[in-house]
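The following features are taken from TrEMBL:
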type: DOMAIN; residues: 496-675; note: domain 'HECT'
type: REPEAT; residues: 43-96; note: repeat 'RCC1'
type: REPEAT; residues: 97-148; note: repeat 'RCC1'
type: REPEAT; residues: 149-200; note: repeat 'RCC1'
type: REPEAT; residues: 203-254; note: repeat 'RCC1'
type: REPEAT; residues: 255-306; note: repeat 'RCC1'
type: REPEAT; residues: 307-358; note: repeat 'RCC1'
Amino acid sequence: RGQLGGVEGAKVKVPALCEALSALRPVQIVGGEQTLLAVTSDGKVYATGYGAGGRLGLGNTDTVTTPTLIDSLENVFIKKVAVNSGGKHCMALTFDGEVYSWGEGDDGKLGHGNKAMCDRPTLIEALRGKEIVNIACGGSHSAAVTVHGELYTWGKGRYGRLGHGDTEDRFVPKLVEALLGYSVVDVACGSGDAQTLAITDDDSVWSWGDGDYGKLGRGGSDGCKVPMKIESLAGLGVVKVECGSQFSVALTRSGAVYTWGKGDYHRLGHGTDDHVRRPRKVAALQGKKVISIATGSLHCVACTDQGEVFTWGDNDEGQLGDGTTTAIMRPRLIVALQGKKMTRVACGSAHTLAWSTDKPFASTVPTRVPMEYDVLKELPPALIRNRLVLLLHFSDLLCPSVTMFPLTGDVSLDSLRGFLVYMVKEITFRKVVQATMVRDRQHGPVIELNRIQVKRSRSKGGLAGPDGIKSVFGQMLGKVQFLTQEALFLPHRVWKVKFVGESVDDCGGGYSESIAEMCDELQNGSLPLLIPTPNGRDDTGTNRDCFLLNPSAASSLHLTMFKFLGILMGIAIRTGSPLSLNLAEPVWKQLAGIALTPSDLQEIDRDYVPGLLCIRDMNPDEKELQTLDMPFSTPSATGVDVPLSSSHRKVTAQNREEFIRLALNYRLHEFDEQV
């Protein structure tokens, strides 16, 4: 079903090169229930395999047989994905600590507050601002660790697997209070009658949930509903824990592997099918330093610091890579991978992967004929060599001439602007926004809005009442005092809408409608705040369908309206819900605190700057200026002539430089009051 990423065969019993995955050069691969996901070094996520329940995150339930980009995650940088080897849901962790989930939603394991399936990655709102650093998926529950070592769990609560002291299901992440005071560094979630494992920075390993077959590691089969220490692992330097189906695994800093739990199918690797109720070192790996380990539903794979790969357990699908379908009692070296220097391993339900994140030191001769060969093969070698020499010479000449910022002396921010790293700035901004979010309220104050009144006031077109005060925007302006700072810091639904005379229950739709109505009003003439660009009025040049701030809207009411428009923009930024406003680019520059330039004017008023240049370049000895009889005034963005001086009435050869300076100064700053 495509979980091998394009490798064909009903049962692939020996390791086979997956060219599609190799081409991606993944930094992480994980396997789920007949699925596979890969993360690349540039933060992209690819999925392949069985698509039922939306588990691939591709927006459908189709099965795909080659790694396919999850395009809805393209605009965020993913550093880790998580899925249980028998799991039907996935999570992704972004560079700035946010978590997305998708797939089957039973038991609330996606963390979105319901049981709905998601076929595309969806942000877990309840974890916003928590700065998550680690994630884990079980078969029916999920977990996340914050930068401060706090553990959150959610999903199915049966047998106490969530660690909250009860068996209740949780549809949104909840803090595991029993571990407060400890700093969690790793977590693993099991499947079926599941357990949960965690490591804290005091060198302790904790377990809780179902205790059948001794998989909690404390002897006996008793379960527990809150985290309890596995005393036999204390002080061993455990750095990684994994959960298979009814068994558990721990890897220590020294490279030793411990397993415990259900023993059939030889999944524990101890040479018998006995159940083991306390952690026991896997003797067959003695003398090997394991650096990576993974668990399937009923099998395991381990990779050593020498690049060797060992497998053991169930083998009915050929997942152990030894060419058979016979279970293996103890870890056995995969002969087919000898010399490949593997550094990472992963498991799905019944499939196994091994790969290397190191660049090979072997010959760089390509394994396939490059596409360029067909173009070059008919050319004489001497000609190709001469071209290379020419390109090298060109490079030597070009490099010294490329302008860079000075290494000494004063360097202005403007000269450095192009070199500043956008991602760093964006991450810092996001962290500030997330840290100040208010999350314990579903919505802000209830606001009554009368859309019937708006239609009546605009029955003949024009403004919606005097200065647009009867518009939805104007009505919201009158209620702005109810928008407290706490309401403005909500992650969504800053206010709840009640439409007068309409039976609309705002479950988010009414709020969104009010925002959309205000954006429409700003651009359809209901309000005096925005005007078309001069290019739009003249139907020429660029930005013809864009709007500018109205420099004539300068009364105290108008300026208050502009301030409210700024509040709306701030809300849009904080909630991540963009406003549908078609503002010209120079407006956005001014809102960002960037001064306008003559080239910005030309983007919105194509003929204005060329007209000034024409006046500047006129021959002073000729009588062109006198013939033109130009008043000492300039058209504003609204098209109204504005006098520039009380001492000059006409433009002359003597005062034309002053005219150009004053005209440019006016047009470059006419929106300052509104901004």
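Using N, Cα and C of the backbone, Cβ positions are placed for all residues, glycine too.
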Secondary structure content of the repeat 'RCC1' (43-96), with strand meaning DSSP E or B: 6 helix, 22 strand, 26 coil
The repeat 'RCC1' (255-306) - residue tally per DSSP class, helix then strand then coil: 6 helix, 23 strand, 23 coil
Mean predicted confidence [pLDDT] for the domain 'HECT' (496-675): 86
Helix, strand and coil residues within the repeat 'RCC1' (149-200) as assigned by DSSP: 6 helix, 23 strand, 23 coil
